[in-house]
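Per TrEMBL, the features are:
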DOMAIN    4-371  domain 'FAD-dependent oxidoreductase 2 FAD-binding'
ACT_SITE  R272  active site, proton acceptor
COILED    429-456  coiled coil
Amino acid sequence: MTYDFLVIGSGISGLNFALDAAEHGTVAIVTKKELMESNSNYAQGGIAAVLDSHDSFDAHVADTLTAGCHINDLEAVTLTVTHAPAQIQKLIDIGVGFSRKKEILSLTQEGGHSARRIAHAHDATGKEIERALIFHVRQHQNIHIFESHLAVDLLMQDGVCKGAEVLHTEKKEIELFRAKATILASGGAGQVFERNCNPSVATGDGIAMAARAGAEIRDMEFIQFHPTALALEGKPTFLLSETIRGEGAILVNAKGERFMESQHELKELAPRDIVARAIYAEMKHGPVYLDITHRESAYIKARFPYIYEQLWWYGIKMDKDRIPVAPAAHYTCGGVHTNLKGETNIPGLFAFGEVAHTGVHGANRLASNSLLECMVFSEQTVPTAVAYVQDVEHVNHVEIDSRNMVYKKTDIHAIKKEIQKIMWEHVGIIRHENELKKTLQKLKSIQTTLEKLQKEGKNEMLVETKNLADVAILITKAAIERKESIGCHFIAD
Ligand SMILES: Cc1cc2nc3c(=O)[nH]c(=O)nc-3n(C[C@H](O)[C@H](O)[C@H](O)COP(=O)(O)OP(=O)(O)OC[C@H]3O[C@@H](n4cnc5c(N)ncnc54)[C@H](O)[C@@H]3O)c2cc1C
């Protein structure tokens, strides 16, 4: 199978790129489950953009830098912020139904933002954007969609990326997808941690594949822990969007006391790392609750229909009950390093979205800047990738050792759980230098076991678990190297 562009991943960034690139050549989208299944599909809060005359690009840039502790790349931040209003218009043009008050876009508030600047589709913004993008992608003749196709490794020849080795998870066969340009849009790595609010697909495959191929990986120590995920025994770690706090919800401890007032001037809307650590500390004395019961029932049901319904299934009435919450791994700020045009250090390999490190987020991501980054950088990459493809005359016939293409079933569920548990306990919200070093040794030994198993044959769980181990090692090494506490990297000693 040979294409001009091979896009790995069908979240918002991959679909947005595919639509634009398809005007210039053939596109294959490989995605490991159904087209819709991605972090993008679960994004609740919205997408940040300066859309109000009282707001300004300078304020959005300043808020992004404050959240990122000023180690962001200013050029990348400015590019993202100034392109935001046009991206919202682009989404409206393809049919995204953002919430409105009469004719005007309804803008909500999130933590760390000094203005109401979050465009949203009720409380299920990602699903609505995915729906609109998929509608157009499915109609484009130049786009070929491969669901249940898990990219295993990049096809490399003389230091150049020529496509990917892909496992068809239904046929249980490994296929080679050759391409002039290969695009990583495979999202983040929340599944590395036991307590996370990412879907099961978020196993950091793109970061692991790129690292194995020699790509530069940066800032992996910065894993954002969302402060408020549901903490109900036996129930999923369901995310409770920051917009609930943006619309007035408060955090209270087991005694019913509001504790964020003494922690930060922005109280419940302080940057996420601060709120997450405050909740984590309070939890030593008992459960912590999110409380929006002071707002009108009709308002809550209309503003948060998706969250209201999900909580109802779990036995909680959001308008009457306090909601037990605890932090959970949420967003991978680091990743495959790219320039502002989506290029990595490997010719033929491009990256954007959560898999990439562009410098936008610095030490901590500002809420609702990630969907925005996905849109801006996937669009920025189109002209670069198109020019690259036009320069490649033909795709060489790249072969791989047939022993690497054997499918073999193995049960490694326990190893996956072990990686997730040790990462949550030792490389989580609060880190200790000694524990990080011991954890690294443990992870390396798990990695060796998984490497041996892969030599006998591959399967989807083995590929993903090996990627989890690889990414866990990248995170732990980066955490050891970063000596000072900054943003979402917090060293206790
Ligand atoms: C619960 C939740 C709420 C969020 N809310 C917001 C919000 O309100 N605002 C905001 O800005 N951000 C939010 N985020 C973050 C945001 O959703 C993500 O950062 C963003 O959607 C990432 O998009 P992406 O295109 O980079 O990757 P994703 O949307 O994660 O898509 C990655 C795709 O790659 C596929 N894939 C992965 N590995 C492979 C492989 N090996 N082979 C083939 N396919 C593969 C996956 O199946 C998936 O289709 C939220 C995230 C979560 C989890």
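Placed from the backbone N, Cα and C atoms, the Cβ positions cover glycine too.
All TrEMBL annotations are machine predictions without curation.
Long-range neighbours of the coiled coil (429-456) within the same chain, counting only residues 6 or more positions beyond its ends whose Cβ lies under 8 Å from a Cβ of the stretch, are 225, 276-277, 280, 327, 403, 406, 408, 410, 412, 415, 418-419, 422-423, 462-463, 465-466, 469-470, 472-473, 476-477, 479-480, 489-493.
DSSP classifies the residue listed as 'active site, proton acceptor' as helix under the three-state reduction. In the predicted model, residues of the domain 'FAD-dependent oxidoreductase 2 FAD-binding' (4-371) average a pLDDT of 96.
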